[in-house]
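*Asks:* Pulled these features from TrEMBL for this protein:
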- 82-172: domain '4'-phosphopantetheinyl transferase' (DOMAIN)
- 204-227: region 'Disordered' (REGION)
Amino acid sequence: MHASWRVGPVQLWLCPHRPGERGEPQARQLLGPTLGIDPASVPLQRDARGRPSLQPALPDRDTGWSHSGEYLLVGLGEGVRLGVDLERIRARPRVLEIAQRFFHPDEIALLAALAPDAQHALFFRLWCAKEALLKAHGHGLSFGLHRLAYALAPDGALHLQWCDPELGQAAQWQLHEWWAAPECRAALAFYPLPARNRSAACASTSPRAAESVDGTAPPHPGRAASQ
């Protein structure tokens, strides 16, 4: 394991990863010990869109992962629905043109006002944050990058200014972004699970687990990163 972080109710791990390999086998090796379960028995399910989930077996837990370059980022949350994204930052021409095609108008205006270097940096921050949130939601990029809008706070942090009602309430979304490794930008987005999930967890989670801590999608700006 390369590094780990704790962000509120979410545990995160960064691991070396061989490009082209699936992330799930490595994710199981990290999730199993934390949940007190044999890695092969971690109850991962996939929905119709391929999003991984620990429900219904662990209704109060959620997981997701993303790989880019030689790294894999894995998240495990309690009481939240989460999405993570990892992007290897490389020079990308015409980022404003991509934003003008796919981003929300307010974000386009924000980018257009910046010098090229700052524009490039913010573009990747926005992309990473948007992809993390849409992975948490479950629809991925095909839902539409324009259906949520981030803004810059006075301290430079991104916060969700607006989102399509289908994504929930903007004020309830939490975002954490950081440099996970040299040239690798990471983002975590999470949203509270419904109360019924937490109630079900109290009734059904095993003691060992409880004790442990689409339409046309836009082109990806860097190496593919997926759940």
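One is the number of the first residue shown, and numbering goes on along the chain from there.
Cβ coordinates are placed from backbone N, Cα and C, and glycine is handled just like the others.
In TrEMBL, annotation is done automatically, which means it is predicted and not curated.
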*Asks:* Reported in the order helix, strand, coil, what are the DSSP residue counts of the domain '4'-phosphopantetheinyl transferase' (82-172)?
*Replies:* 51 helix, 18 strand, 22 coil
*Asks:* Could you tell me the mean pLDDT the prediction assigns to the domain '4'-phosphopantetheinyl transferase' (82-172)?
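*Replies:* Averaged over the domain '4'-phosphopantetheinyl transferase' (82-172), per-residue pLDDT gives 97.
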